[in-house]
Amino acid sequence: MKRLLPLLVAWCSLAFAGGEEIYRFTPSDIHFLERFSLQALPPLPPAPDNGVADDPRAAALGHRLFFDTRLSANGQVACASCHQPQKYFTDGLPRSRALGITRRNAPTILGAGHSPWLFWDGRKDSLWSQALGPLQDPGEHGLAPLEVAQLIRRYYRGEFEQVFGDSAGLDRLPKRSGGRLSRRQRAVLNRVLSRVGKSIMAYERRLQLRPARFDRFVAQLQRDSGDRGALATLMTEGEVAGMRLFMGRANCASCHNGPLFTNYEFHNIGAPEPDPAQVDLGRYGGVAALEKDGFTCLSPWSDAGAEDCLEMRFLKKQGPELVGAFKTPTLRNVAHTAPYMQSGQLATLEQVLAHYNNPTPPYYDREQHPSRPHFDILPLGLSEEQMGQVIAFLETLTSPLSEDDPLWRAPE
Amino acid sequence: MQPRFIVLTAALLLPTPLFADESPSRSLMALGGEMLRSAEGLQAESVTAIRHGNSLRKTLNQLRVKLRSLPEGEERAALGETIDLFAGEIPRWQQQAASLRERGLSERQRALALLEVGYREIWQPHIRLSGPLQLDGSDSLTSGHNARIRSVHPSKLNMNVVPGDGATPADMSLAVPAASGQNIPGELDLRSFQISRELAVFAHVEPETGNSRVPLNEIHSWKLMLSRLDGEPLGDAEIEIEGHMPGHVHGLPTQPRVTGEVEPGVYRVQGVKFQMTGWWVMTFKVSAGPLDDAVTFNIRL
């Protein structure tokens, strides 16, 4: 038996390489893979904190705001500058450029409506609250809150009133920036800002992904898993081998799981520290920011009752695993959203795979880190060929660009 | 058979229960508790026996050293005999220890079974899940009944202990590391009914979801039911919750809390969420007056 074992192993690997076995999927396999298909994408989570989250008029307003460069200090920056539809709502840069250079890489917006936390460090708990970040960031849109409100009054007043039923007190605001605002005026500002965010969120929630080759492959498995020919036209042997590695030995699916290939949780995979002089504390900093944030689900500008804000109420505030941890990004369309990681440190998928195969532990600086960062992955020991197969599989996650979808274009 | 045990068994068979003023299920629990303590006693005796054996072995080794230094003669012969006597004693102590241990373990098993049966009967109106906690949407091989249970025979109680890799269906060709790189012990006790560390509390947990299953990546609530070993609900307890994945140094993504005691001993735990499949350990630290204890549940998602 001892002598037979190597033979058996050799036979198995031959059988796999031969392409006969590689397309053979058992009912349990298919059932497992179904959970990764877009078909299994649940409806968007309810958004009790945003009363207009599913209002088409709010989405139409948000659509215009998203593409409007007038909403910026220099009249040239829109959300769409860094989240470009033809690049799957990213910008192709390691770190984005607008009025300044951002600290991190611009992630896609596709699927973001499913995430409980926004930004790489999850420092926002809703898309509406998230949108207020770039608008006011001096390096992005660079607007003061009053300027946002003045622009709304000037260009969007009618729509704004239509969507929300009133003007939120826009007329009470001073015409010019400068002077001190009363408490009441500041409340008006916050209300206007939150409504701007809520409209943008309504738009973002409507963005949809079309089935990628992987989804069609799973659909074919469901229809007729015995039709090798049909399966082989959807995914090559190498891609299927990559999928088997992704789900199995390479363990990618333990974090990148579900129809969007993310668990939306925070992990430290030891990606190279972008700036050792000022380390990125990731989720640790995100939690601290959430506790101070004036626009969470629990804030007066949210439409939810406190009991509906489960994520905030049960927010995990402590634990070594928060330090330097980042939100698992979606891998949908990942072959077209280079560069990678929170600050675009890795330029190609080859570099990403090389990192996972032989990861460096997270950078640790006793002066800067509150505790030694946690390390969530183990070396994989994949061959060059196998790494290539995983990359090939990632390419099957590319949805066709929805160029004919009006939401993927600037509004007329 | 241990006389103490005969008394206890007889108590079960007597027409009038030993604890006449209590319900039969309460007496079952009380009996279970009693047996659990006796099992502990046996365990302690077994430890003492092992110690005896060990100290004998130490003495024996010293005597052997001494023997080597003695010249042939009477003294040496006498010492030789003593040594033989000692050497004969050691296996006897070892056997004694082993049999005490075995008896302790089996008494513990029976005690837990009685406790569980009694507990299930007392708490039946609240119990919707009798099997282990399971992931929603997974076809695990373990048996999980969502129906309310009427009564369960003690011999069936171990149905929820599944062997190591029970969660991966046999016909899976995808080599899914179901345990996410964890080393899961061969037999993991997945029961949702557990005795506490200090043997003062018997507890059950279950998700408060429509189908009593655990959803992945979704905040949901649990019900935790605490009983003293005499069947009395353990009310007004302070409860601290800790969850982690062994081998991952990983905590829960949220910070669950007890948000209310729905009824004496029935606690609502809100904010539970699991972001990864695999082996999770959930510990509830319980304190109430002088009681300071902890109950742990293994979950395989």
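Glycine too: its Cβ is placed from the backbone N, Cα and C atoms.
TrEMBL does not curate its annotations; it predicts them automatically.
Annotation source TrEMBL lists signal peptide at A:1-17. What TrEMBL lists as heme c 1 binding site is A:C79, A:C82, A:H83. Positions annotated as domain 'Cytochrome c' by TrEMBL: A:237-398. The heme c 2 binding site annotation in TrEMBL covers A:C252, A:C255, A:H256.
The heme c 2 site, placed at the center of the C-beta atoms of A:C252, A:C255, A:H256, has further neighbours from the same chain whose C-beta lies within 8 angstroms: A:F246, A:N251, A:A253, A:S254, A:N257, A:F261, A:T262, A:N263, A:T328, A:L331.
For A:C255 (heme c 2 binding site), the same-chain residues 6+ apart in sequence whose C-beta sits under 8 angstroms from its C-beta are A:T262, A:N263, A:E265, A:H267, A:T328, A:D376. Report note: the heme c 1 site is defined by A:C79, A:C82, A:H83, and the residues of the same chain whose CB lies within 8 Å of the CB centroid of those residues, excluding them, are A:F66, A:A78, A:A80, A:S81, A:Q84, A:F89, A:D91, A:S96, A:A106, A:I109, A:P134.
DSSP gives A:H256 (heme c 2 binding site) a coil state; it is part of no helix or strand. Rounded to the nearest whole angstrom, the C-alpha distance between A:C252 (heme c 2 binding site) and A:H83 (heme c 1 binding site) is 26. For the pair formed by A:C82 (heme c 1 binding site) and A:H256 (heme c 2 binding site), distance between Cα atoms is given as 24 Å, rounded to the nearest Å. Put plainly, the binding-site residues A:C79, A:C82, A:C252 were compared by Cβ crowding within 10 Å, and the winner is A:C79. Within the same chain, residues at least six positions away from A:H83 (heme c 1 binding site) with a Cβ under 8 Å of its Cβ are A:F66, A:F89, A:T90, A:D91, A:A106, A:T108, A:I109. The distance from the Cα of A:H256 (heme c 2 binding site) to the Cα of A:C79 (heme c 1 binding site) comes to 26 Å. Predicted-model confidence for the domain 'Cytochrome c' (A:237-398) is 95, expressed as mean pLDDT.
In this structure, A:H83 (heme c 1 binding site) belongs to neither helix nor strand by DSSP; it is coil.
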